[in-house]
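S.K.: Would you mind keeping the following structure in view while I ask a few things?
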Amino acid sequence: MSEKFSVLARLKSFNFAFKGLWHVVRHEHNFRVHLFAALLVIALSAYVNLTMNEWLWVISAIAMVLVAELFNSSIEKLVDLVSPAFNPKAGIVKDIAAAAVLITAVAAAIIGILIFYPYFFNS
């Protein structure tokens, strides 16, 4: 049986999501680094007056990195919960999650270079 739509239930869902986001902002250094970089890129994007398509690429790249960092943080917390003692396999799981962040960050950097290069180095 499906649940009836409830505005209150939806608001609670948003509240849980914002609680999680606030937790990561407060406790995860790497997320704060990526968030700061994202804010700088958004400011730079506004400064150079990106086209709509360029904005779509920039926002997508930022979202991709931040979401990867959220998943990485979640995986790290879960691994710590189920394997509090040192376990090489748990370390591998964490390393794989970190690799996902690395790949998305490199992809975002490439997108940024491709978009911003003409604004600063083409006359």
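Residue numbers in this text run from 1 along the chain shown.
Any Cβ shown, glycine's included, is placed from N, Cα and C.
Not my notes, these are from TrEMBL:
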type	residues	note
BINDING	Arg10, Glu28, Glu76, Lys94, Asp95	ATP binding site
BINDING	Glu28, Glu76	divalent metal cation binding site
TRANSMEM	31-49	transmembrane segment
TRANSMEM	55-75	transmembrane segment
ACT_SITE	Glu69	active site, proton acceptor
TRANSMEM	96-120	transmembrane segment
S.K.: Given a Cβ distance threshold of under 8 angstroms, which distant residues of the chain, six or more beyond its ends, lie next to the transmembrane segment (96-120)?
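M.R.: Same-chain residues near the transmembrane segment (96-120) but 6 or more away: 30, 34, 41, 44, 48, 50, 54, 57-58, 60-62, 64-65, 67-69, 71-72, 75-76.
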S.K.: So if I draw a 10 Å sphere around the Cβ of Arg10 (ATP binding site), how many other Cβ atoms end up inside it?
M.R.: 10
S.K.: If you count other Cβ atoms within 10 Å of each one's Cβ, which of the recorded positions Glu69, Asp95 has the most?
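M.R.: Most Cβ neighbours within 10 Å: Glu69.
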S.K.: Can you tell me the CA-to-CA distance separating Glu28 (ATP binding site) and the residue listed as 'active site, proton acceptor', as a whole number of Å?
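M.R.: One finds 9 Å between the Cα atoms of these residues.
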S.K.: Taking the Cβ of Glu76 (ATP binding site) as reference, which residues of that chain separated by at least 6 in sequence fall under 8 Å from it?
M.R.: Lys94, Ala97
